[in-house]
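Visitor: Can you read through this structure? Questions will come right after.
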Amino acid sequence: MIRRGAGGGIFLLTGAGVSAESGLGTFRDKSGLWTRYDLTEVATPEGFARNPQLVHDFYNARRENALGAAPNAAHHALARLEAEWPGDVLIVTQNVDDLHERAGSRNVLHMHGSLTGALCADCGHRWPAPARMSPADPCPECSLAQTRPDIVWFGEYPYHMETIWQALREAEIFVAIGTSGTVFPAAAFVQDAARAGAHTVELNLERSAGAGDFSDGRYGPATEVVPAWVAEMLG
Ligand code: APR
Ligand code: ZN
């Protein structure tokens with residue numbers, strides 16, 4: 001996934017902070033989603049089994065917010081980096097919005113799934129999510145009413161992990177952007193990359209829990225620190 005090019009491969013891990021200035025909430029800041037919702041009710045398979053309507057309502061609202069949001073200067077700067085960097089650039093995002101893609105990034109992996117996807121909990125069929133989903137929606141494939149948002153919940157295994165582990169072994173530069181570094185396995189990616197010899201940078205509003213694991217850090221709003229860092233990289 002990341003070949004060593006003239007500029008070396010760059011592995012970008014993004015979290016909710018990269019979309020905060022697009023108006024999408026984070027999870028653990030003072031007014032974050034997990035301060036207003038019980039994640040065991042809306043972001044676990046058990047919560048979905050107990051009350052699928054509550055879960056669909058939660059993700060319908062987040063999907064509506066995401067569809068109404070626009071990529072910000074940080075998303076655009078990362079798309080510019082991918083277009084102009086003389087090596088591979090991979091974005092592995094914990095976010096479920098599609099703002100990286102809408103800013104023009106093409107090499108994007110959603111390790112926690114995406115609000116744009118629907119999944120059948122029975123047959124595993126995937127299809128583009130409608131704006132609003134309901135527990136009564138029949139699966140287009142098996143027609144059972146077991147549809148769920150294609151989101152990775154707590155206790156479930158993140159997507160694309162084989163590709164991610166490989167990319168961490170190959171990256172020459174690892175950058176974490178807008179993430180609190182509190183949810184695994186993403187929180188340990190910086191150590192994996194450093195062990196493989198990558199230069200590691202944190203770009204965040206403030207020092208995260210894992211700040212000490214990075215060889216460099218730039219702090220401030222993503223719409224300021226990310227474009228500045230990209231401009232420095234592209235020279
Ligand atoms: N610019 C840069 N960073 C910001 C900004 C901003 N404007 N606003 C907030 N941040 C930073 C916060 O300081 C924090 O470190 O973004 C980080 C957001 O942390 P979280 O809310 O924990 O979000 P994230 O790290 O993406 O959570 C990881 O947890 O609940 C799960 O699946 C969910 O993908 C999510 C995962
Ligand atoms: Zn099905």
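Keep in mind that glycine also has a Cβ here, set from the backbone N, Cα and C atoms.
Positions annotated as active site, proton acceptor by TrEMBL: His112. Marked as NAD(+) binding site by TrEMBL: 15-34, 94-97, 178-180, 204-206, Ala222. Look at TrEMBL and you will find Tyr59, Arg62 tagged as substrate binding site. Per TrEMBL, Zn(2+) binding site is recorded for Cys120, Cys123, Cys139, Cys142. Residues or ranges marked as domain 'Deacetylase sirtuin-type' in TrEMBL: 1-235.
Describe the structural context of each listed feature in the structure shown, including burial, neighbouring residues and relevant distances.
Guide: Secondary structure at His112 (active site, proton acceptor), taken from DSSP and collapsed to helix, strand or coil, is coil. Neighbours of His112 (active site, proton acceptor), defined as other CB atoms within 10 A of its CB across all chains, total 19.
When secondary structure is read from DSSP and collapsed to three states, Ser31 (NAD(+) binding site) falls in the coil class.
A sphere of 10 angstroms centred on the C-beta of Arg62 (substrate binding site) encloses 19 other C-beta atoms. Under the three-state DSSP scheme, Arg62 (substrate binding site) falls in the helix class.
Around Cys142 (Zn(2+) binding site), the same-chain residues six or more apart in sequence whose CB sits under 8 Å from its CB are Cys120, Asp122, Cys123, His125, listed in sequence order. In the three-state DSSP scheme, Cys142 (Zn(2+) binding site) is classed as coil.
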Visitor: Taking the center of the Cβ atoms of Cys120, Cys123, Cys139, Cys142 at the recorded Zn(2+) site, which other residues in this chain have a Cβ no more than 8 Å from that point?
Guide: Ala121, Asp122, Gly124, His125, Pro140, Glu141, Ser143, Leu144, Gln146, Thr147
Visitor: Could you check which of the recorded positions Tyr59, Arg62, His112, Cys139 is the closest Cα neighbour of Gln94 (NAD(+) binding site)?
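Guide: Nearest candidate: His112.
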Visitor: Where among the binding-site residues Cys120, Cys123, Cys139, Leu205 do you find the Cβ with the fewest other Cβ atoms within 10 Å?
Guide: Cys123
Visitor: Of all the recorded positions given, namely Tyr59, Arg62, His112, Cys139, which is spatially nearest to Gly15 (NAD(+) binding site) at the Cα level?
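Guide: When the Cα distances are compared, His112 comes out closest.
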Visitor: Going by Cα-Cα distance, pick out whichever of the recorded positions Tyr59, Arg62, His112, Cys139 is nearest to Gly178 (NAD(+) binding site).
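Guide: Given the candidates Tyr59, Arg62, His112, Cys139, the nearest one is His112.
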